[in-house]
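Database features (Swiss-Prot):
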{"type": "TRANSMEM", "residues": "11-31", "note": "transmembrane segment"}
{"type": "TRANSMEM", "residues": "51-71", "note": "transmembrane segment"}
{"type": "TRANSMEM", "residues": "103-123", "note": "transmembrane segment"}
{"type": "TRANSMEM", "residues": "137-157", "note": "transmembrane segment"}
{"type": "TRANSMEM", "residues": "165-185", "note": "transmembrane segment"}
{"type": "TRANSMEM", "residues": "206-226", "note": "transmembrane segment"}
{"type": "TRANSMEM", "residues": "247-267", "note": "transmembrane segment"}
{"type": "TRANSMEM", "residues": "285-305", "note": "transmembrane segment"}
{"type": "TRANSMEM", "residues": "337-357", "note": "transmembrane segment"}
{"type": "TRANSMEM", "residues": "369-389", "note": "transmembrane segment"}
{"type": "TRANSMEM", "residues": "392-412", "note": "transmembrane segment"}
{"type": "TRANSMEM", "residues": "419-439", "note": "transmembrane segment"}
Amino acid sequence: MSQQKTMSAGLLISALGVVYGDIGTSPLYALKETFAGHHPIPVTPENIFGVLSLVFWTVLLLVTVKYVIIIMRADNHGEGGSLALLALVTELTKGYRVHYPLMMLGVIAAALFYGDSMITPAISVLSAVEGLEVVTPNFKPYVVPITAVVLTGLFFIQKRGTGLVGMMFGPVMMAWFGVLAVLGVVNILAEPHVLAAINPLYAADFIIKHPLMSFFALGSVVLAVTGGEALYTDMGHFGRPPIRIAWFGLVLPALLLNYFGQGALLIGDPTAIQNPFFRMGPEWMVVPMVVLATCATVIASQAVISGAFSVARQAIQLGLLPRMTIIHTSGDEEGQIYVPFTNWTLYVAVMALVIGFQSSSNLAAAYGIAVTGTMMIDTILVAFVMALMWRWPLALVIAVAGTLLLVDLAFFTANAIKVAQGGWFPVFIGIVSFTVLTTWRRGRELVRNQIKKLAVPLDVVMRALGPDVARARGTAIFLTAATDGVPPALLHNLKHNQTVHQRVVLATVMTTEAPYVPDTERIVLTELGNGFYRLLIRYGFMQTPDIPAALAACKPLGLEFNMMSTSFFLSRETYVPSLNPGMAMWRERLFTFMTLNATRATIFFKIPTDRVVELGTQLEI
């Protein structure tokens, strides 16, 4: 076997473990919730055929056509996901009136993602452990405690990294999809006519004859495609080919076979609706299936947690969240990170959901809103990619995006009516997250504007550097968000100490709209004269800044740094409300609170703490 084929096989197996955990565990609860959820549907052959047809065409349209075929083409330099798509679209729409509304839509998608990332671990592991109730109802009191123990273990190992355990994810998920397919085939052979539900006329007939019932059914059918957006989100890790091959070659057939197998089981035994997945095999298989299902749901949860870490880093780099501690858990993979604040926030929320909702059925009502909302926003954003990047004819854009948007809207509306039954949770988390993201973004914008107002032109400072101003030995690096003028920290140093270093570097760390900036394009150095330099350090939104490494990269450009003779000057800003505040008072207080609790710049930028001087600055915002 060639190295290329070995690598491809490895990528395929890895993709199974990371990309498909969420959608792969949907058979545990999707059909069960459709027929026995908050809006139960009578388990009749006619309804089973109608629902199966809806599931089949929903998976094909929303996952296969929308994500695998269309949206996965809209990569941002190889990266996918809502924030990567947002960065791409905001770049494409600069100068257009829709620029700001689209940016806000992307922020809403990121906010909804956090609601989704809290619900997925809870509902997935609960649904797996609930299989024990099929063995004996006596296990019911232990479902929540077992789920809590499993999830607690998962969150506590995050800080150690999951590289070693992650090697098992792919093989476990391959076994999982194999079991899904085999169980499906065995049950289909007992009722082979169930395959007729592939015909979309069954779905159409179900909708026409039972409009209200079918509307409620949509709210649960969408559970079959939760996790479909992960195919696009994880594209940066594996690339398009492995994800598409795994989808068409194993995941899609296994999922559809299992759903049709569950349908066949229900035709023969309608009482199996209480937990059709675990009734698909013989009794002796239930416990092994529970173990395998628990492993699969833990893997699905891990993928969501890792995704939350990645989104947090992207949001920080794109200026939507304050600095947080980011720990790299692998020396080889830049994408393997651990964000403590995100981890423990998710843990508290997940535990609250498990204890508060008690069952996967109760949680199912909360699940759909975040997913359908995100999918709807992805459709809107990719429509602009179709028009502005791919240059599709307007009629084609309207036809394709309009059709997908109508489908998304139908599913979103069907889930919106479940607000009282649990849908309030992702809505609440979405509102809180959106408020935090937009408040931080607006606050930083106000701070930048104020710093620009206070900044003194560089030529004025240069003229002020007369013979009476002492020049200290060594190098002073002033970190500043502005790419012109002189930062407040330098002015304070000059005012109070009457001295300037022999070399002064005005350094700005900039995040681009691209996920990665190659090392060769990282540094832009400009000599300003009289020992002054302006240094622009560029990173992608998927990268973590490292100031010492960036300074070392300046050596080939003629600027070498000795850390023992280099001092870093940082501004420590305190904020007071102005007479005409740029935000509501409560948002200014929230912004100040986030600033006070943000990770210190020295830690975030990896600056040696013994070489740092902080100078206080008071700003009105």
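Glycine residues also receive a Cβ, built from the backbone N, Cα and C atoms like all the rest.
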With an 8 Å cut-off on Cβ pairs and a sequence gap of 6 or more, do the transmembrane segment (206-226) and the transmembrane segment (392-412) reach 3 or more such pairs?
yes
Tell me if the transmembrane segment (419-439) touches the transmembrane segment (11-31). I count contact as 3 or more CB pairs below 8 A, with pairs 6 or more residues apart.
no
Return the stretch with the most CB pairs under 8 A relative to the transmembrane segment (103-123), choosing among 51-71, 247-267, 369-389, 419-439.
419-439
Between the transmembrane segment (369-389) and the transmembrane segment (285-305), are there three or more C-beta pairs closer than 8 Å, counting only pairs 6 or more apart along the chain?
no
Contact call for the transmembrane segment (51-71) against the transmembrane segment (247-267), three or more Cβ pairs under 8 Å:
yes
Within the same chain, where does the transmembrane segment (247-267) have neighbours whose Cβ lies under 8 angstroms from its own Cβ atoms, ignoring anything closer than 6 residues to its ends? I mean 6 or more beyond.
16, 20, 23-24, 26-27, 30-31, 35, 43, 45, 48-49, 51-52, 55-56, 59, 63-64, 68, 174, 177-178, 180-181, 183-188, 190-192, 194-195, 197, 224, 231, 273, 276-277, 279-280
